[in-house]
Amino acid sequence: MTTSWSDRLQNAADVPANMDKHALKKYRREAYHRVFVNRSLAMEKIKCFGFDMDYTLAVYKSPEYESLGFELTVERLVSIGYPQELLSFAYDSTFPTRGLVFDTLYGNLLKVDAYGNLLVCAHGFNFIRGPETREQYPNKFIQRDDTERFYILNTLFNLPETYLLACLVDFFTNCPRYTSCDTGFKDGDLFMSYRSMFQDVRDAVDWVHYKGSLKEKTVENLEKYVVKDGKLPLLLSRMKEVGKVFLATNSDYKYTDKIMTYLFDFPHGPKPGSSHRPWQSYFDLILVDARKPLFFGEGTVLRQVDTKTGKLKIGTYTGPLQHGIVYSGGSSDTICDLLGAKGKDILYIGDHIFGDILKSKKRQGWRTFLVIPELAQELHVWTDKSSLFEELQSLDIFLAELYKHLDSSSNERPDISSIQRRIKKVTHDMDMCYGMMGSLFRSGSRQTLFASQVMRYADLYAASFINLLYYPFSYLFRAAHVLMPHESTVEHTHVDINEMESPLATRNRTSVDFKDTDYKRHQLTRSISEIKPPNLFPLAPQEITHCHDEDDDEEEEEEE
């Protein structure tokens with residue numbers, strides 16, 4: 001007779017006796033199928049699944065799509081007067097990464113941590129460090145809130161732009177026709193600041209996306225530029241069985257229709273053998289021209305789209321939700337009203353950490369799932385180059401050994417220079433495994449600004465939302481403990497606090513004999529007055545009082 005898990009967990013002490021030690025190891029799915037958790041989320045509480053389209057439902061192939069955007073932007077710059085030589089540049093995917101900051105004053109690309117400390121600094125293709133860096137950044141630090149000067153290149157659409165900025169700065173710095181200055185460059189009596197150059201690039205990128213031929217060239221060759229996954233119809237059909245599904249994209253209807261038709265263009269439906277269905281049938285609500293992040297605030301007028309012409313019908317839509325109708329504009333409040341859902345009922349899935357994740361989290365309280373396509377490469381390096389990580393751990397052990405028997409009375413100064421050089425070399429090798437700018441999430445042991453934003457705003461994240469296919473809709477995504485250094489570096493061994501020298505070490509915060517304390521207080525106060533405060537001391541809670549990030553709703557549990 002087998003024992004159920006619930007029976008075993010009635011008495012925690014019985015669990016090891018009923019299981020072999022191998023069974024106690026936590027089961028984890030394949031790394032490339034995993035969904036990673038920052039804040040616990042119970043899937044059975046999600047009533048609506050929301051999607052962005054670009055780089056979420058429709059993942060653009062890299063580097064083909066970035067190369068196309070890069071070429072079109074360069075052509076636009078040349079058409080407005082930039083040098084013809086720029087047409088010789090080709091997109092190099094090994095250089096840029098997301099989350100870099102462009103300094104519009106000095107023309108530098110910066111990789112920073114959450115607090116603005118510099119991790120990497122590049123002027124064009126030249127990586128600068130040491131005294132050269134301190135001339136422009138005396139404390140190796142930037143004020144991130146100075147948005148007039150510092151621009152964060154956070155999206156996947158920013159990758160071609162990031163590399164183009166490096167190309168331009170390098171060209172104008174090194175081309176003999178131009179005189180390089182600290183804040184720009186000169187051509188005779190003409191001066192161009194890096195700020196002006198940056199604005200030209202921003203305008204060119206916007207022109208390519210909204211007025212140029214980027215979308216036209218994309219739909220002309222969808223197989224070349226868009227990833228098509230046969231598991232997409234299956235996952236969305238399963239989501240629709242347990243809740244409502246909506247699409248909210250900034251793209252217009254004509255482009256959305258062509259992309260989505262391609263993504264769902266299979267001879268069968270959700271499963272082999274089932275009949276083919278149009279892409280619209282997988283959604284309860286379709287909303288285009290969303291204009292995120294404005295969409296998560298005041299939004300825009302909600303209008304109806306004529307799906308035959310792609311044009312908008314006149315007037316504001318004020319009716320109830322109707323299946324088969326495509327809407328334009330609106331706001332996140334509109335979605336909640338039409339679907340009959342409130343903030344935490346909705347899991348919104350997108351790739352844009354600001355436009356999709358931050359705003360939906362801060363303004364609406366929606367649960368958030370961030371799609372990070374680069375995570376596949378990050379996991380590959382993490383697993384394939386494990387020897388580098390292991391060597392760093394070994395070097396830390398060697399370093400600790402040198403100081404093992406030394407305290408403040410020691411005059412001995414161990415020579416750690418060779419270990420330090422090796423640590424720097426191994427750390428550099430590790431960084432270069434990700435690309436010239438290193439990992440999206442860290443430089444050495446320090447986390448990047450992008451990593452801190454992911455941890456702060458994304459409840460869940462993965463390389464692809466398709467990974468949800470490998471979890472049941474009753475799953476509890478439980479966040480792992482985030483350990484501080486005094487927890488991650490100290491073994492779970494007994495320490496006698498009475499032997500510690502700290503004056504607070506013997507302060508017992510776990511239990512107090514309240515009855516004895518009450519008696520003593522009563523002896524002291526009874527002669528003064530028979531009147532006592534209603535409560536002389538707090539009682540130790542007998543039930544759970546702390547929020548443990550288990551996505552629990554106490555009121556709902558009580559109602560049940």
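Placed from the backbone N, Cα and C atoms, the Cβ positions cover glycine too.
The IMP binding site annotation in Swiss-Prot covers Asp52, Asp54, Arg202, Asp206, Lys215, Thr249, Asn250, Ser251, Lys292. Arg202 (IMP binding site) falls within a helix when secondary structure is assigned with DSSP. Cβ-based neighbour count (10 Å, all protein chains) for Arg202 (IMP binding site) stands at 14.
All protein chains included, Asp54 (active site, proton donor) registers 20 other Cβ atoms within 10 Å of its own Cβ. The feature active site, proton donor is assigned by Swiss-Prot to Asp54.
Feature annotation from Swiss-Prot assigns ATP binding site to Arg144, Asn154, Gln453, Arg456; the stated evidence is similarity to another entry. Cβ contacts within 10 Å of Arg456 (ATP binding site), excluding its own Cβ and spanning all protein chains shown: 14.
In this chain, none of the residues that are 6 or more apart from Ser418 (phosphoserine) has a CB less than 8 Å from its CB. In the three-state DSSP classification, Ser418 (phosphoserine) falls within a helix. The feature phosphoserine is assigned by Swiss-Prot to Ser418 (among others).
Annotated phosphoserine per Swiss-Prot: Ser502 (among others), in sequence order.
Residues or ranges marked as phosphoserine by Swiss-Prot on the basis of similarity to another entry: Ser511 (among others).
Look at Swiss-Prot and you will find Ser527 (among others) tagged as phosphoserine.
Residues or ranges marked as region 'Disordered' by Swiss-Prot: 541-560.
Residues or ranges marked as compositional bias 'Acidic residues' in Swiss-Prot: 550-560.
The Cβ of Lys292 (IMP binding site) has 21 neighbouring Cβ atoms from other residues within 10 Å, across all protein chains displayed. Reported as a whole number, the C-alpha separation between Lys215 (IMP binding site) and Asp54 (active site, proton donor) equals 12 Å. Taking Cβ-Cβ distances under 8 Å and a sequence gap of 6 or more within the same chain, the neighbours of Asp52 (IMP binding site) are Ala248, Thr249, Lys292, Tyr348, Ile349, Gly350, Asp351, His352, Asp356. Put simply, of the binding-site residues Arg202, Asn250, Gln453, the one whose Cα is nearest the Cα of Asp54 (active site, proton donor) is Asn250. Counting every protein chain shown, the number of other Cβ atoms lying within 10 Å of the Cβ of Arg144 (ATP binding site) is 15. Per the record's binding annotation for ATP, residues Arg144, Asn154, Gln453, Arg456 show a top Cα-Cα distance of 17 Å.
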